[in-house]
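Pulled from TrEMBL:
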- GLU51: substrate binding site (BINDING)
- ARG126, LEU127, GLY128, GLN129, GLY130, ALA131, GLY132, HIS133, TYR134: ATP binding site (BINDING)
Amino acid sequence: MLDKPALRARLRADRDGFAAQSSTAILAPEAFVERLRRGMTVATYCPVGSEADPTQLAAAAAASGCTLALPFVVDRSAPIRFLAWQLGEPLVAGPFNLRQPQPTSPEVAPDVILTPLVGYDRRLNRLGQGAGHYDRAFARYEKAWRVGVAWSVQEVPAIPADIWDVPLHAIITEEGMLWHAEK
Ligand SMILES: Nc1nc2c(c(=O)[nH]1)N(C=O)[C@@H](CNc1ccc(C(=O)N[C@@H](CCC(=O)O)C(=O)O)cc1)CN2
Ligand SMILES: Nc1ncnc2c1ncn2[C@@H]1O[C@H](COP(=O)(O)OP(=O)(O)OP(=O)(O)O)[C@@H](O)[C@H]1O
């Protein structure tokens, strides 16, 4: 099995290749929308490069009366903070080519975390950027519903999991939603 750095390099290249020739979008599956409730806080993200675009999921959450939030990071080592944000509200340039909310936006606790990822497997293990930002956020907000968002080309047979890796509850791709119904 490839180690995490080798798998990341290969999957980033696969994702770039897929995004360059594809014009599909990720739509909000019914099973996702059904779980949303008015007043929930849903953390989305602004895609960078060839990452899957969660805009339709965020729009469905806003339409269901949820409050949106975006991750805010300062560097590799400091944890993510989720800051309140509304669709269309201006963003500022951050590290790693990210676009982030104004740092003065209020911090919020997410009930649903739409999570970017580099790779996933059908057991809902996730491979991220390697900074541990989301793994640490999952440990802090352990009750949140963890939903990975990806292109289907990012699926691999098995992600090598470390002890701190927290599996997802669901993964949404352009092909639909993969999840285990108990959570
Ligand atoms: N769109 C988006 N927002 C996000 C993340 C993410 O993965 N995607 N994060 C997830 O944790 C957090 C930011 N953390 C990050 C940590 C490391 C790198 C990083 O190492 N990027 C590579 C380039 C990746 C590529 O080529 O695709 C780099 O800068 O070399 C990026 C983001 C919060 N916001
Ligand atoms: N709960 C945690 N508390 C503190 N450090 C953590 C925690 N979870 C992960 N880390 C640290 O984060 C680093 C990166 O982990 P890993 O390579 O698994 O990241 P990843 O799965 O790519 O995901 P992501 O960066 O998106 O969370 C590791 O050095 C690990 O020690």
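From the backbone N, Cα and C atoms, a Cβ is placed for every residue, glycine too.
In this structure, the binding-site residues that sit close to ligand 2, with a C-beta under 6 angstroms from any of its atoms, are GLY128, GLY130, TYR134, chosen from GLU51, GLY128, GLY130, TYR134. Checking the binding-site residues ARG126, GLY128, GLY132, TYR134 against ligand 1, the ones whose Cβ sits under 6 Å from it are GLY128, TYR134. The distance from the Cα of ARG126 (ATP binding site) to the Cα of GLU51 (substrate binding site) comes to 14 Å. For the recorded ATP site, residues ARG126, LEU127, GLY128, GLN129, GLY130, ALA131, GLY132, HIS133, TYR134 set the reference point as the centre of their Cβ atoms, and the other residues of that chain within 8 Å of it by Cβ are LEU117, VAL118, ASP135.
Fewest Cβ neighbours within 10 Å among the binding-site residues GLY128, GLY130, GLY132: this applies to GLY130. Here the Cβ of TYR134 (ATP binding site) has 24 other Cβ atoms within 10 Å, regardless of which shown protein chain they belong to. In the three-state DSSP scheme, TYR134 (ATP binding site) falls into the helix class. In this structure, the CA atom of TYR134 (ATP binding site) is 15 Å away from the CA atom of the residue listed as 'substrate binding site'.
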